[in-house]
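According to TrEMBL, the features are:
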{"type": "DOMAIN", "residues": "261-382", "note": "domain 'SSD'"}
{"type": "DOMAIN", "residues": "635-762", "note": "domain 'SSD'"}
{"type": "TRANSMEM", "residues": "25-45", "note": "transmembrane segment"}
{"type": "TRANSMEM", "residues": "231-250", "note": "transmembrane segment"}
{"type": "TRANSMEM", "residues": "257-279", "note": "transmembrane segment"}
{"type": "TRANSMEM", "residues": "285-306", "note": "transmembrane segment"}
{"type": "TRANSMEM", "residues": "327-349", "note": "transmembrane segment"}
{"type": "TRANSMEM", "residues": "361-383", "note": "transmembrane segment"}
{"type": "TRANSMEM", "residues": "404-426", "note": "transmembrane segment"}
{"type": "TRANSMEM", "residues": "611-630", "note": "transmembrane segment"}
{"type": "TRANSMEM", "residues": "637-657", "note": "transmembrane segment"}
{"type": "TRANSMEM", "residues": "663-684", "note": "transmembrane segment"}
{"type": "TRANSMEM", "residues": "704-726", "note": "transmembrane segment"}
{"type": "TRANSMEM", "residues": "738-763", "note": "transmembrane segment"}
Amino acid sequence: MATGKDNWFARQGMRLAALLLRRQGLSLSVILLFILLLVAGLANLRISGDYRAFFDADNPDLKAYDALEQTYAKLDTLALVVRAREGDLFTPARLEAARDLTNDLWQLPSAARVDSITNHQHSRAEADDLFVESLIPDNARIDPALAEQARTRALGEPMLQNFLVAPDGRTANFVVTLQPPPDDPDALSKSVTAARKLKTAFEEKHPDLQVALVGGAVLDTSLREVSEHDAAVLSPLMIGALFLGLWLFYRSAAASAISSIIVGLSVATTVGAMGWLGIPMMSATAAVPVIVLTISTASTIHMVATTRDLMTQGLSRRDAIIECYRMNFEPVFITTVTTLFGFLGLNFADAPPYRDVGNMATIGTALAYLLTLGLIPPLMDMLRITPARDNFANRLTRRIPVMIARYPLAIIVIFTAVTAITVTALPRLSINDKFVDYFAEGVPFREDATFVSKHLPGLYFLEFSVPSGEEGGVNDPAYLKKLESFADWLRAQPGVTHVAAMTDIMKRLNRNMHGDDPAYDRLPENRKEAAQYLLLYEMSLPFGRDLNNQIDLAKSASRVSVAMGDIPTAEMQALERRAEDWLKTHTGHSVEGTGLAIIFAHLTERTLNSMLTGTAVGFLMIAICLFVSLRSLPLGILSVVVNLVPIAIIFGLWSLFIGEIGLYAAAVTTIAQGIIVDFATHILSKYQRARAKGYDARDAIAKAYDVVGPALIASAVTLTLGFAALQFADFAINAQLGLMTAAIIAVAFLTDLVLLPALLVLVDRQPQKVPHAVPSPAE
């Protein structure tokens with residue numbers, strides 16, 4: 001019970017517990033009103049799937065991407081990729097199906113342009129006339145001769161190779177450019193929904209053909225769908241598993257109910273706060289409820305388990321509650337603050353959704369802390385909580401101190417060796433973060449994208465707007481020669497599967513205007529000819545097939561599109577840098593590459609770099625908290641060291657077995673370091689209390705384990721399983737974040753449970769002052 005040596009925290013904890021027990025009705029009424037006010041925010045919660053939400057409005061990469069869209073055409077597309085199960089697509093029946101599909105795609109909501117092998121504009125000359133027509137005209141009867149002609153032209157046309165058709169003729173791409181109305185936020189989703197229905201109907205009608213659906217619009221819609229899935233599935237799944245796990249630990253329905261009620265309310269109020277603050281539920285923030293659920297569970301376990309253990313020692317229920325607050329008020333406050341610093345470190349992230357995750361997890365952790373402190377006393381008293389039973393956790397924590405006392409040096413050597421070995425692998429860790437991998441295996445978008453990458457490589461695009469320096473300058477032969485050289489250079493680069501540049505059209509037109517003589521398959525020799533050919537060609541194009549997606553309105557710049565295979569993002573960025581250098585050297589213009597894959601690759605790189613600062617700041621704040629709370633420099637240093645070990649080990653093992661990290665790694669260290677210090681804080685606070693009473697290191701460790709050990713095991717298991725539950729997320733970044741964080745927490749628990757006490761045995765050698773047995777926790 002209370003002593004004259006109790007500090008301010010212990011005294012305030014006792015007063016708060018006593019007050020809440022005396023005024024149960026009033027305290028519950030105030031807390032309930034607070035909960036209702038926050039939960040009312042659920043009505044304002046919205047779900048978002050816009051991939052642009054991953055970028056700040058002033059993000060330079062997003063600005064370059066938007067500038068390209070404004071200059072040429074919107075980059076919101078969807079594509080149906082069709083593959084023949086046997087043979088190729090150039091049979092009369094399959095070409096007929098392709099032509100029908102092309103026409104049906106024009107009927108999709110917001111469709112502004114459709115590109116396919118059947119409506120590709122093939123040009124030819126007759127005398128002095130230029131004829132431009134679809135490869136398969138709408139009114140033509142498709143007989144074997146026309147099918148063979150289409151095969152020859154399509155497979156022999158560089159503009160189509162690895163873009164609209166695969167070299168083997170088995171796979172074709174049907175690309176729809178969308179122009180959604182700006183006042184309809186659901187326009188893209190409507191287009192994708194209609195495309196999915198069309199895909200299903202087409203596959204049913206043509207079972208000999210396989211169809212995949214990809215594109216930026218599908219990415220956008222899929223992000224929204226995984227947000228809805230994860231928000232709807234993860235929290236209910238975890239709450240159910242949580243109640244079962246708590247019952248197995250407590251073996252008490254009342255104790256399980258208390259923790260479950262507080263956890264459920266913590267999650268509900270956090271999500272309600274998201275609604276009030278206008279933070280949308282999206283793919284990244286869908287992890288917030290699970291994070292809060294996990295953190296709040298760990299908080300309640302310490303309070304409930306300690307109270308029940310104290311009752312086992314002979315205290316009445318109310319006295320045990322008050323004593324629990326005396327013992328735990330300070331360590332629970334410190335662990336909450338360190339966790340808050342960990343989450344707040346995410347504000348250094350370059351990606352806004354991760355800042356939202358950090359801020360909402362911070363708010364959720366604070367709410368869980370307040371609800372735990374406010375509800376534990378009245379709920380435990382009203383539900384008449386019973387003393388704890390001896391279980392596996394109690395028996396285990398009585399054995400561990402014996403093992404540590406026998407082999408402290410061996411334990412330290414083992415941990416040192418493992419850490420050293422794994423850390424040596426860290427330099428091998430590389431960044432690879434493709435947007436397709438943002439989705440878990442089994443998500444339709446990822447499955448379809450994998451299918452496309454295998455059969456028609458070129459899912460990732462790098463775009464350049466190459467200026468000529470003057471209006472109408474795209475017709476200048478000097479400009480065209482440099483553009484052709486750039487395109488040829490790009491085609492020779494590793495990982496490039498297709499390059500689209502206006503020079504391909506100009507060369508074909510020059511050949512057409514010279515009687516289709518192959519000798520003239522080169523660029524026009526003078527500006528006047530080039531301008532005339534281009535004008536004649538544009539006037540011959542049908543509706544929706546203009547060149548505005550390749551040449552700007554002033555004809556002062558043209559677009560070069562580079563399709564890349566399934567290569568690491570580091571190689572994409574390297575190609576971008578080499579291309580920018582090439583353009584600067586050969587044209588004198590500074591041109592910035594862009595494209596969805598590239599801006600996401602830069603986002604990951606920027607976020608990882610910025611989070612180095614965030615992690616360092618968070619680590620510094622946490623270290624200061626530990627030094628202040630422990631009031632001991634040696635113990636503070638030991639705590640900091642043992643909390644760095646698990647992070648180093650897991651990143652080292654990740655480097656050895658995975659070799660790559662993505663956007664999720666930016667959040668892992670910051671989140672984990674704020675959580676894992678909780679173990680050391682609880683152990684060391686109880687250890688210091690025992691040392692203050694005169695016991696040597698071994699006896700003090702035994703006392704600390706007797707008091708905090710079972711709750712520590714339960715909270716560690718809960719935290720590990722909670723973050724591991726993110727493996728069920730459809731948003732793969734959250735799944736990987738959860739796996740890595742869960743692994744760090746598991747290793748941190750082992751480190752704090754075994755390595756920290758071993759270090760204390762060797763470092764803290766002050767003699768025992770009171771030569772009697774270890775007292776009960778209530779003393």
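In case you wondered, yes, glycine gets a Cβ from its N, Cα and C as well.
Fair warning: this is a prediction, and the values are worked out from it, not measured in the lab.
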Within the domain 'SSD' (261-382), how many residues are helix, strand or coil going by DSSP?
108 helix, 1 strand, 13 coil
Under an 8 Å Cβ to Cβ limit, what residues of the same chain, 6 or more beyond the ends of the transmembrane segment (327-349), are close to it?
7, 9-10, 12-14, 16, 295, 299, 302-303, 306, 355, 357-359, 361-362, 365-366, 369, 372-373, 607, 610-611, 613-615, 617-618, 621-622, 625-626, 629, 666-667, 670-675, 677-678, 681-682, 685-686, 689, 707, 777
Can you say which of 257-279, 285-306, 404-426, 663-684, 704-726 has the most Cβ pairs under 8 Å with the transmembrane segment (637-657)?
404-426
For the domain 'SSD' (635-762), would you mind checking the mean pLDDT of the predicted model?
86
Top Cβ-contact partner of the transmembrane segment (285-306) among 231-250, 361-383, 404-426 (pairs under 8 Å):
361-383
Verify whether three or more Cβ pairs under 8 angstroms connect the transmembrane segment (361-383) with the transmembrane segment (738-763), leaving out any pair fewer than 6 apart in sequence.
no
Most CB pairs under 8 Å with the transmembrane segment (361-383): which of 25-45, 231-250, 257-279, 404-426, 663-684?
257-279
